[in-house]
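Okay, so here's the structure we're looking at.
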Ligand code: C5P
């Protein structure tokens, strides 16, 4: 299934504490952002890449795109205050396609077979997101006290890519903007429309580079894959 992908890349990465956009940090020989871009560059079903960026970082990101021969980037719109705003700026700028994927630029280890599965389910059913089963026992805690142990069987940790029929995501984002709803992922916006969202079991390797120890996991994953 053909698709275009939106990569929000306009964050500041405060939790990484690197003093710069964490996407510019190297994993092995390349910046995190380039690893992510290359996955989609190499996927024959990907027909376009949209990157939400900060204005002041656009020249540097464009230079990375040129240096690494990334040919599929169709636009680098200005990102927003929150991740949701950054994604929305891309959705507004692109033309309608059948399927759009939203993927954190900070998750460089996503694999093409998983992307293919997500795009297919989204085309057939409207919405599909990547996730993994919770490994640990999960408890609800209020003010330092356990309130409840939650049945782990029904708990998933959700990742990206999140794949949608373009019209469904565009509608969900417009509605969210109108009522001022801010979600932590795109699925939340689509859930509010009452639409079913399918989960596609992904990998624990699809980790988001968020804090310093994630870089250690990242280097280990790259080493093992080599
Ligand atoms: O901060 P976090 O890692 O959760 O952000 C996920 C992705 O969203 C990152 O790739 C980051 O660059 C992007 N982002 C964005 N605009 C924001 C905040 C985050 O594009 N305002």
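Keep in mind that glycine also has a Cβ here, set from the backbone N, Cα and C atoms.
In TrEMBL, annotation is done automatically, which means it is predicted and not curated.
TrEMBL has this to say about the protein:
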SITE      15  site 'Transition state stabilizer'
SITE      22  site 'Transition state stabilizer'
SITE      152  site 'Positions MEP for the nucleophilic attack'
SITE      208  site 'Positions MEP for the nucleophilic attack'
Cβ distance under 8 Å to residue 208 (site 'Positions MEP for the nucleophilic attack'), same chain, sequence separation 6 or more: which residues?
104, 106, 107, 159, 214
Using a 10 Å radius around each Cβ and all protein chains in view, which of these recorded sites has the most neighbours: 22, 152?
22
Taking the Cβ of residue 15 (site 'Transition state stabilizer') as the centre, count every other Cβ atom within 10 Å, in any protein chain shown.
13
Distance from residue 22 (site 'Transition state stabilizer') back to residue 152 (site 'Positions MEP for the nucleophilic attack'), taken between C-alpha atoms, in Å
32
In angstrom units, rounded to an integer, how far apart are the Cα atoms of residue 15 (site 'Transition state stabilizer') and residue 22 (site 'Transition state stabilizer')?
9
Going by DSSP, is residue 22 (site 'Transition state stabilizer') sitting in a helix, a strand, or coil?
helix
